[in-house]
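Below is one structure, written out as structure tokens, with a few remarks after it.
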Amino acid sequence: MTPLLSLKDIVTKVNTGTPNEVMILQHLNLDIYDGDFITVLGSNGAGKSTLFNTIGGGLPVDEGHITLHGKDITHTSVEKRTAFLARVFQDPKMGTAPRMTVAENLLLALHRGKRRTLRLRRLKQQLPHFKAITTTMQNGLETRLNTATENLSGGQRQALSFLMATEQRPDLLLLDEHTAALDPKTSAELMHQTNERVTQENLTCLMITHHLDDALKYGNRLIVLDQGKIKFDVRGDEKKQLTKEKLLSFFDTIE
Amino acid sequence: MSMIVSSVGQGLLWASLGVALFLTFRILDFADMTVEGTFPLGAAVAVTAISNGMNPYLASGLAFVAGAIAGLVTALLYTKGKVPFLLAGILVMTACSSINLRVMGGSSNISLLGKTTIFSSHFLESLPKYFDSVFVGFVVIAIITGLLIIFLQTNLGQAFIVTGDNRVMARSIGINTDNMTIMGLMVSNGIIGLGGALIAQNNGYADVSMGIGIIVIALASIIIGEVVFGELTLNQRLVAVTLGSIIYQFVRLLVLQLGFNTNDMNLLSALILALCLMLPQLNKGASRLTSRFGNLMQQLTHTLKKGVEKP
């Protein structure tokens, strides 16, 4: 089976050509298959965010190749990659347009990766659909469709970001600690909703988290990044049998 | 009475500058200094073309194109050259001052005396004094505002708005924010160039120094509109800019009646605008006084901080 997305021998450097040059991803290899729900663990500076930026196209790759369905996308721009890729950021402020309404944000994301033309936006026709999908988040978002997103709570904003990322089914969903900025209860609720949606729709997903419990509980594959390489990669039954103690002892061996 | 009609006419003619700057200043969140160069550029291009026998409507269109090209240069400096936007605007503005002199064949002032302008039609000349500028100003600003209102409701227009609101998010849903910035600056400066062409034809001359203080006048129309009319939808805000522009002309008339002369106007405009822009800071001091004045200030601040929000 060809992987959905394949990273081959990826090297990503920052401050290239200066005395401060640092190699963040060091010949990293990763194959992501259709239906993978991968939780990504790693200490600060391990290269998790760099991995996401490399997949997203925000950081140029210094060496190696990225392929999607076998097609080389190493040099494809951020905007073009959004045709198959959706992303939820850690910061609730980053994923939504603050002065536009919830419905307007949803409408913008509905056209993710498509050409924006001079056709009228037709917001009204979409409202029933938006009402339906916001209701599934069970946090009152459906009553705030005409509210500017800057007036939403952090939890509602993140739920909206998540909906925006998934309403137009992406081939690959990147969740960058998307519940980290929320209080424990709201965080748990969004995590639950995330899991429901990803498993029901069989989305392929990479999720960075610092919660070992979440990393163990959710997903069907777990990887650990350290010093720009994937040091640990388990899936299926092997992942189910993994315990927090085993993970912690593994972390001790790499530090 | 004729002074009032004249002010309304001037307000309508100058409104296109406010609306153009609204696109960059309020929607793209980008204070575009280029306009100080594109306004006299539009005037110079149109007047020179008309003096050489070109149809005045075609000449005004040419002024739009010239303005758009200047906007393109600023946009490329900013998006591709990574020059800070304020500096990019200043560079193009400065370059324009040389280009304007070239366009005008080295003279700093060209008169349109005896030439056919868009104000020379039989219909406009049959109107009472100053009503010609009211008519032309109204038609032009109505068309520009109407087209922009429709544009902002399209998918492309929405992509343009979100570029100014959250660039990171815009990119993450596949919007090429560089292209949106280029488009916005081209359209905005095109309208400014057209405004320069209209005002030069209305004045009967083009002068290389006519761009000085333009950005302040345009910003004043936007901010007066916002302060006076408060909470509005995006479409209403576009219309409010025109009303703000007319109010600005009335203030100007009042100031002149008080005995100041036209040379003082840039100083006074800058003072009014500075006060309006400082409202949020003044409010911080005022909020300690829990008075009705404080409440009023808070409302004003809220209005001023508001960007492209809709209710």
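Every residue gets a Cβ built from N, Cα and C, even glycine.
As written in TrEMBL, here are the features:
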type	residues	note
TRANSMEM	B:12-31	transmembrane segment
TRANSMEM	B:57-78	transmembrane segment
TRANSMEM	B:85-103	transmembrane segment
TRANSMEM	B:134-161	transmembrane segment
TRANSMEM	B:182-202	transmembrane segment
TRANSMEM	B:208-229	transmembrane segment
TRANSMEM	B:238-259	transmembrane segment
TRANSMEM	B:265-282	transmembrane segment
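Away from its own ends, the transmembrane segment (B:134-161) comes close to residues 5, 8-13, 15-16, 19, 23, 27-28, 118-119, 124, 127, 170, 175, 180, 183-184, 191, 194, 198, 202, 234-235, 238-239, 242, 308 of its chain (Cβ-Cβ under 8 Å, at least six residues beyond either end). The transmembrane segment (B:85-103) is not in contact with the transmembrane segment (B:238-259), judged by fewer than 3 CB-CB distances under 8 Å for residue pairs 6 or more apart in sequence.
Contact between the transmembrane segment (B:57-78) and the transmembrane segment (B:12-31) is not supported, since fewer than 3 Cβ pairs fall under 8 Å when only residues 6 or more apart in sequence are counted. Here the transmembrane segment (B:182-202) has Cβ contacts under 8 Å with residues 9, 13-14, 16-17, 19-21, 23-24, 27-28, 30, 32, 34-35, 38-47, 50, 56, 59-61, 63-72, 74-76, 78-79, 112, 117-119, 133, 136-137, 140, 144, 160, 163-164, 210-211, 214, 218 of the same chain, all six or more residues outside its ends. Residues 14-15, 17-18, 20-22, 25-26, 31-33, 35-40, 43-44, 93, 96-97, 100-101, 104, 108-109, 192, 196, 199-200, 236-237, 240-245, 247-248, 251, 265-266, 269-270, 272-273, 276-277, 300, 303-304, 306 of the same chain sit 6 or more residues outside the transmembrane segment (B:208-229) yet have a Cβ under 8 Å from a Cβ within it.
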